[in-house]
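Have a look at the structure below before the remarks.
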Amino acid sequence: MGKIAVLSLAAIALAAFIGERLVALRHSTLSSRELTQNYLPNCHLIEGIEYGAEDITILDDGLAFLSTGLKYPGLPSYSDDPGKIYSLNLLDSDLKIKALNIKGQFDKGSFNPHGISVYTDEKDGAIYLFVVNHPQGKSQVEIFRFVEGENALQHIKTIRHELLHNVNDIVAVGTESFYATNDHYFTNGILKVMEPLLSLSWSDVVYYSPQTVQVVAGGFSSANGINISPDKRHLYVSNILKHKIRVMEIQKNTVLSHVKEVDVGSLCDNIEVDRESGDLWLGCHPNGLKFMLSDPNDPPGSEVIRIENILSEKPRVTQVYADDGSVIIASSVATPYGGKLLIGTVYQKALICDLK
């Protein structure tokens, strides 16, 4: 009877623990949240984007780069073709995407692009595109030089490092240096699933340069999007399962010091920063459980959030766009330019709208 009682108590304790963890997971994924539609005027889908535009960034002259075709474990993938980087000139009235030709010694067949970032060299004006790549499920960073006259990318370098083990997003701060987020601590598939279930805050931010590679910030419940302020003094990181954007100040030794966190009320993915105003634009998942399940009969919605005056005592957080999945599914990025807003998704379509 003693052994049976002990086993019974252990079973009850285990059931209670699992139940509590499931309740916590439902809370962190905002599983009961329902959206009210909030549309922008004159929206239309970008022709040719069918398999996601997980990240988008725009140059000062209106040329946008789109990272497409991401294949991510646990999420749908509707094409076996390699991923691509497209360009889109927002100053052209036809708004036609163009696939960027990749030149150099690079395996195009396994290209699986995720987060992207651009860096313009002040010395010669050269534009570098940094791309998080997951060939065969691994994590590495590709550095390309944009060849504007040919609408091409010249492959410069592939960067691999043990600290760059689950890279999600990246922000370039030099021709070969960057900050990157790891969205998980473990690389094993089962253990990665356990991280959100156990509410582990073990993911981090890594600084990389040819001279230095180090973890510069930790304690994230899946660090996703990352970007930098226009004055290059602050980094913004999406602590996605905490529904917060963390603000950190860049120190002289590249280590980050915590400034504050801003609640956004959604699971926000990539972060784009308006170069003039400093406002943050976030592509978000309003219901994380729907995002993980990806049920076509009950699709995950999309949400765009804007943060104004984030460094002030009272930042202004507003919802700019919301859709229940009837227009676009699983928004991951939003970026404005010239009165328009581009909204990308993890594995589906991309949308362009007027902001007024």
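Cβ coordinates come from backbone N, Cα and C, glycine included.
Unlike curated records, TrEMBL annotations are generated automatically.
Over in TrEMBL, the protein carries these features:
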ACT_SITE  H114  active site, proton acceptor
BINDING   E54, D169  Ca(2+) 2 binding site
BINDING   D55, I116, N168, N224, D269, N270  Ca(2+) 1 binding site
DISULFID  C43-C353  disulfide bond
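Within 10 Å of the C-beta of the residue listed as 'active site, proton acceptor' there are 25 other C-beta atoms, taking all protein chains into account. Excluding D55, I116, N168, N224, D269, N270 themselves, the residues of that chain whose CB lies within 8 A of the CB mean position for the Ca(2+) 1 site are, in sequence, E54, H114, G115, D169, G225, I226, I271, G283, S332, V333. Proximity to D55 (Ca(2+) 1 binding site), judged by a C-alpha distance within 10 Å, picks out H114, D169 from the recorded positions C43, H114, D169, C353. For D169 (Ca(2+) 2 binding site), the Cβ neighbour count at a 10 Å cut-off comes to 29, with all displayed protein chains included. I116 (Ca(2+) 1 binding site) sits 7 Å from D169 (Ca(2+) 2 binding site), taking the CA atoms of both as reference points. Near C353 (disulfide bond), with the C-alpha within 10 Å of its C-alpha, lie none of the recorded positions H114, N168, D169, D269. The recorded positions listed here (C43, H114, N224, D269) include H114, N224, D269 as those with a Cα within 10 A of the Cα of D169 (Ca(2+) 2 binding site).
Cβ neighbour count for C353 (disulfide bond): 21 (other Cβ atoms within 10 Å of its Cβ, all protein chains included).
On the backbone, the CA of N224 (Ca(2+) 1 binding site) and the CA of the residue listed as 'active site, proton acceptor' stand 11 Å apart.
Its own atom aside, the Cβ of D269 (Ca(2+) 1 binding site) has 28 Cβ atoms within 10 angstroms in the protein chains shown. Less than 8 angstroms from the CB of C43 (disulfide bond) sit V327, L351, I352, C353, D354, each of them six or more residues away in the same chain.
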